[in-house]
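Below you'll find the structure, written out as structure tokens, and then a few comments.
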Amino acid sequence: MRALFAGLGLLVAALWLASLLTGPAGIAPAEAIAALVRGGEGPVPIVMTEIRLPRALLGLAVGAGLGLSGAAMQGYLRNPLAEPGLIGVSGMAALGAVIAIQTGLALSAPLALPVAALTGAALGVGLLVALAGPRGGSVTLILAGVAISALAGAGTALVLNLSPNPYAANEIVFWLMGSLADRSMQHLWLALPPMLSGAALIVSAGRGLDALTLGEGAAAAMGVSPAGLRWRLVAGVALIVGPATAVAGAIGFVGLVVPHLLRSRVGARPSALLPAAAMGGAALLLAADIAVRLILPERDLKLGVLTAIVGAPLFLHLIWKTRSGGRV
Amino acid sequence: MTLLDLRGLSVTRRNRPVLHGIGLAVRAGELVGLIGPNGAGKSSLMEAALGLIPFTGTSDLAALDPGHRARRAAYLPQSREIAWPVSVEDLVALGRIPWPGGGRSPADRAAIDAAIARMGLEGFRRRTALRLSGGEQARALIARALAQQTPLLIADEPVAGLDPAQQLACLRLFRALADEGHGILASIHDLGLAARFCTRLVLLAEGRVLADGPPDQVLQDALMRRAFGIITRRIDTPDGPAILPV
């Protein structure tokens, strides 16, 4: 297990570095690193610190957050098909962003779009708490999440439906596909604090998730408060996926596939899966973000499209294994 | 020493009274068998005693804070749930969650090893718990409860679904634990096994305790007819009584 974490750590570090060194500007690696470390004037330091560094850091944070919250949702719901989007917060964040694009608010200030998305996410959490209540079980939570996701999807479709011209619709559709291109350090500073506090909440719930392996009754009898655990999980996941969607758009499959891929490597223990899935998520998203820049550099291939193309076959493999009687 | 003390405990679920005015004590050294028809509220009684469901009245266990309570009483629910393909060793280690040490301290290791040895699971340590047979999973889950090292064990139908040999092994273990000074409250449907192994029986029916005492006193014809609507035949054998419902 130590070897797994060391390997994942090295992989994430290597991919992060590769992400810094990948881009259309074609800067030599040595020059790029020197510009980043020493700073200075000229185009190279500006490209490095204002384009590539935020992109690489956001890839790291968003990927880790999606992997971590996916592992947390699967552990809490005791279902390998759960994913962070299940509670509807990412859908509401996307709706907020789409409304900001539609109304032109997104153009008024650099952070108007992510702030609108965060507002949508907060509304989603409020709706979730109102629907699932303080005493509802995990089934109520899923149902409320599905209802909120449907509502957010309908809202997004309505905005697209009413968009005044094809360009606005185009912009919305492209934003929804998810991307880390052209993000600034401001995006990072907006997203990182809530994401870190969400991660802390989820990690603090690790032992409770382990106890849930035995069922809710046995876990409660071992001193794990079901309401406390649910609160931590919902708040933690919302604090991660809300900001992640706000800065990067909708990026699917990372939170679903990464915990599944790593589960057997950590002996299936939910608490051990949390850090592994965070590192795995970061590695997958950084790799995907490098790939979109290498495969079709001039066509602006969207990150969410690539993760879905990679993730869906893995998901099918999971269904295949379940169908053929193997345990997932 | 009293390990569980329930007084005037009542449970209402969905506006339907399930239990009313239950008084029950379990002392160290006792294996108390909880018998009664399906739906009599045996599981509700156990969950209320642990404070897992709302109730009125008093339960000394439920009054403790959850962490402290989990070091006083271990609970084996009726459903033998194992959600993830964890190893038997990791499954047993879950019993250490209420204790400080994160499952890695020498005390944790000793408790886990002792529980695995006691349940004869040494050969299964690294096996995936989900791939074991039902009986082996039941043993692994009992080992988890033993690793919790609590004076009191509350087990909901621990022998349901086990083969005769496993049923005997489970109840012999419970009796041995009681003889070592643990207190055990276990619901059980097999009246013969209950009569043979339990030091005391509690008959739950009509939402209350119909009888509480030594097995011979509780397994009377009139009480059985009232609680289950059946007649029982008792055949005394050298190995203990056989109770035959007819």
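Including glycine, each Cβ sits where the backbone N, Cα and C put it.
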* Asked: Which stretch, out of A:22-42, A:85-105, is listed as transmembrane segment by TrEMBL?
  -> A:85-105
* To do: Count, for each of A:56-73, A:188-209, A:229-262, the Cβ pairs lying under 8 Å from the transmembrane segment (A:301-320), and report the range with the highest count.
  => A:229-262
* Spatial neighbours of the transmembrane segment (A:188-209) far in sequence, C-beta under 8 Å, 6+ residues away -> 54, 57-58, 61-62, 64-65, 68-69, 72, 75-76, 111, 114-115, 118, 219, 224-225, 228-229, 232-233, 235-240, 242-244, 246-247, 270-271, 274-275, 278
* Structure fact -> Long-range CB partners for the transmembrane segment (A:85-105) (under 8 A, at least six residues beyond its ends), listed in sequence order, are 73, 77, 112-114, 116-121, 123-125, 127-128, 141-142, 144-149, 151-153, 155-156, 159-160, 162-163, 168, 171-172, 175-176, 234, 237-238, 241-242, 244-246, 249-250, 252, 255
* Who are the chain neighbours of the transmembrane segment (A:139-160) in space, where the CB to CB distance is under 8 Å and they lie at least 6 residues beyond its ends? -> 77, 85-89, 91-92, 94-95, 98-99, 102, 120, 124, 127-128, 131-133, 169, 172-173, 176, 230, 234
